[in-house]
Amino acid sequence: MTKGGLGIAAMSYVVIDYMRYVSPVWHSRLMPVLWSVLAIAVVTRVLFYKHWSKELRAAIPFLGSIVFLLCALLFEALCVRSVTAVLGLDWHRETPPLPDTGQWFLLALNESLPGTLVEILRAHIIGLHHFLMLFIMLGFSVVFDSVKAPGLGLGARYIFTMGVGRLLRAITFVSTILPSARPWCASARFNNVPSQPHRWAQKYYVPYANDPAAIRKLLHWDAAYADPGSYIGDYRADWGSMSFLSEFLRPSYSEGSSWFALLKKAGGGCNDLMYSGHMLVAVLTAMAWTEAYGGFSSAMIWLFVAHSAQREIRERHHYTVDCIVAIYVGILLWKMTGFIWSAERKTKQTKLEKIQNSLIHAAKDGDIETVRRLVEEIEVSSRVEKQSKVISNRTMTVFACATVITTLTIVILALTLTSDG
């Protein structure tokens, strides 16, 4: 896999997985073969992997990143339900989608492009689980020296960046509620949400929503002056110490037994807009692949990102602006988290280059003591690095086994839990 093998394996995975639509029989035959070959190759190389000490040092940041991402996803899930529930189902049924020039453009292309090309654009070639698996393949490729070790360091950067992105995304879409590009979405996914708006919306939004004169008065007085009438109350779930969430999630009597089960029930959101979570994952995978591996396969993954973006717009899962914002947010966030893991190789030569100017000035001034001190700093730094790598073989063996088992478990859970989007 060191010279193009990773790219071939990645493209083979995408092609074979797409065969489920073309030839389910061949898909069922080839996919187990591919996984078996990859698993055997990884297990074989793990026995000769030389960078377990680096992996051990990266384990704590990796675990911390997982905890951070889980917290971010929990906050996002709360916001996804709340942002739809606050206005009630009637608002979602009656409010038309926003005008989207990207959707118009794709419809126009359908009329002008050859039918075969349009079918390729419509095809479900790549999805969320594909991008996750492509990154997992990238992370495991450290055992083939295709990617700079530690793999857990690369994973920590990817997971932490995704957590930051999901947190920012939730804060963004909960700030201003946009109507879904699919008006039926709320009724299909949140059919037990009350039809009427929340009491906050009844007081601060409904009286002014369709009356320009009322909005002018609101701006002039800067106070909610309209009488909203009698509030229609909501069911209050008894969730113990978490009962305060009932105010935001607005559960019905039939679904109010557990707040956590309520969050898992929807299988996706409707008004979690402004930037796409699926596209964020796609862009982070492409950025990680480009920096860590590069080559022709990176260009292919960026093509997959573009295909995924146009399909998100075409199928009205998101507006065009959601995909565009996700692309540049993902790129910028990845650039900002290089302190966790970077493809740049820090060597003794790099350290020497950093103090080059100081050495030159000291040599010109004949300051032998300064020259000796700078050289000793390099030597001490190198010895510290070497000593930090000396860890008992037993510790490394236990850590290696635990890492492989834990990582494979995370892979299975990730693919299982994201199967519905």
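Just so you know, glycine gets a Cβ as well, placed from its N, Cα and C.
Listed in Swiss-Prot:
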type: TRANSMEM; residues: 30-50; note: transmembrane segment
type: TRANSMEM; residues: 60-80; note: transmembrane segment
type: TRANSMEM; residues: 124-144; note: transmembrane segment
type: TRANSMEM; residues: 158-178; note: transmembrane segment
type: TRANSMEM; residues: 286-306; note: transmembrane segment
type: TRANSMEM; residues: 323-343; note: transmembrane segment
type: TRANSMEM; residues: 397-417; note: transmembrane segment
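Outside the transmembrane segment (30-50) by six or more residues, the chain places 1, 9, 12-13, 16-17, 19, 137, 140, 142-144, 400, 404 with a CB less than 8 A from a CB of the stretch. The stretch in 60-80, 124-144, 158-178, 323-343 that contributes the largest number of Cβ pairs under 8 Å to the transmembrane segment (286-306) is 124-144.
Here the transmembrane segment (60-80) has long-range neighbours at 152-153, 155-157, 159-160, 162-164, 166-167, 169-170, 173-174, 245, 248-249, 263-264, 266, 268-269, 271-272, 277, 340, 410, meaning same-chain residues at least 6 beyond its ends whose C-beta is under 8 angstroms from one of its own. Distant neighbours of the transmembrane segment (124-144): 1-2, 5-6, 9-10, 13-14, 17-18, 21, 38, 41-42, 45-46, 49, 51, 150-151, 154-155, 158, 278, 281-282, 284-285, 288-289, 292-293, 301, 304, 307-308, 311, 407, 411, 414-415, 418-419, 421; these residues of the same chain sit at least 6 beyond its ends, with a Cβ under 8 Å from one of its Cβ atoms. Long-range contacts of the transmembrane segment (158-178) within the same chain: residues 61-62, 64-66, 68-69, 71-73, 75-76, 79-80, 82-83, 86-87, 98, 135, 139, 271-275, 277, 280-281, 284-285, 288, 319, 329-330, 333-334, 337, 340, each at least 6 residues beyond the stretch ends and with a Cβ under 8 Å from a Cβ of the stretch.
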